[in-house]
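First comes the structure, then the notes that go with it.
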């Protein structure tokens, strides 16, 4: 539990750091490459070529490509279109995507009640900006949903791989980060802008902090902590970063939001999540 609390505190600052100091100022692909590269360097001492097949390596690299490489691209770009509180709130749909993707990978048909909860969540997002649903808002919302989907795909894939091919997590994560590097590097070479590299020590410091601490250390601690709590606690901790991140952004960076619409829209989205869990528990019974 302490691991999860520590990671939540660290991650609650990451959203504002990216929005205030990197988004629109530093090339997205470069920021992603540096973040996953530094995370990979953190795990290099655990990289092993023995007792792991080429298939395992490629599968774990595929997880990293989705969960971190592609996800970070969507995630970093979203800050150019929507505010930090909106970015945080719209990540709440990730558990819904996890369930849907898990069903599809298991060969089960798509359950309409799960699709209903996703639609309700979209309605909640619209309420937050009901008086001004601009093109930027739609793009930002879709970018976060793209990030949620590939992150969920990576989570489900990692869980499945570890079930089929057990491996110490610190060794597995080295390959996960290597896969993320491959995708991010290709993205940087194809679409990167060399004129938008970090120009201040603060920007470099934030990139290093995000890579070594927020990604390298915290992703590992999160997975370690997840093995020590039940699924209910883990679900709660997954969403605790949302109010924590909003609190940090409002208190420290004085972000202004319409609390009325934000509260109502948030309530609708949370209702969608609760309804989703009800459907899920009913299906299990």
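Just so you know, glycine gets a Cβ as well, placed from its N, Cα and C.
Counted with DSSP, the domain 'EamA' (3-129) comes out as 103 helix, 0 strand, 24 coil. According to TrEMBL, the feature domain 'EamA' maps to 3-129 (among others).
According to TrEMBL, the feature domain 'EamA' maps to 139-275 (among others). When the domain 'EamA' (139-275) is classified with DSSP, helix, strand and coil residues number 115 helix, 0 strand, 22 coil.
According to TrEMBL, the transmembrane segment annotation covers 5-22 (among others).
What TrEMBL records for 28-46 (among others) is transmembrane segment.
According to TrEMBL, the transmembrane segment annotation covers 58-75 (among others).
Per TrEMBL, the feature transmembrane segment maps to 87-105 (among others).
If you look up TrEMBL, you'll see 112-131 (among others) marked as transmembrane segment.
Long-range contacts of the transmembrane segment (137-158) within the same chain: residues 59-60, 62-64, 66-68, 70-72, 74-75, 77-78, 80-82, 86-87, 90-91, 93-94, 97-98, 100-102, 105, 125, 129, 172, 176, each at least 6 residues beyond the stretch ends and with a Cβ under 8 Å from a Cβ of the stretch. Annotation comment: TrEMBL describes 137-158 (among others) as transmembrane segment.
Proximity of distant same-chain residues to the transmembrane segment (170-190), defined by a Cβ-Cβ separation under 8 Å and at least 6 residues beyond the stretch ends, is recorded for 27, 29-30, 32-33, 36-37, 39-40, 43-44, 46-48, 52, 56-57, 60-65, 67-70, 72-73, 158, 161-162, 215-216, 219-220, 223. Annotation source TrEMBL lists transmembrane segment at 170-190 (among others).
Here TrEMBL flags 202-222 (among others) as transmembrane segment.
The transmembrane segment feature in TrEMBL is assigned to 234-253 (among others).
Here TrEMBL flags 259-276 (among others) as transmembrane segment.
Using a cut-off of 8 Å between Cβ atoms, the transmembrane segment (112-131) and the transmembrane segment (87-105) share at least three residue pairs, counting only pairs 6 or more apart in sequence. Counted over residue pairs 6 or more apart, the CB atoms of the transmembrane segment (202-222) and the transmembrane segment (5-22) come under 8 Å in at least three pairs, which marks the two as touching.
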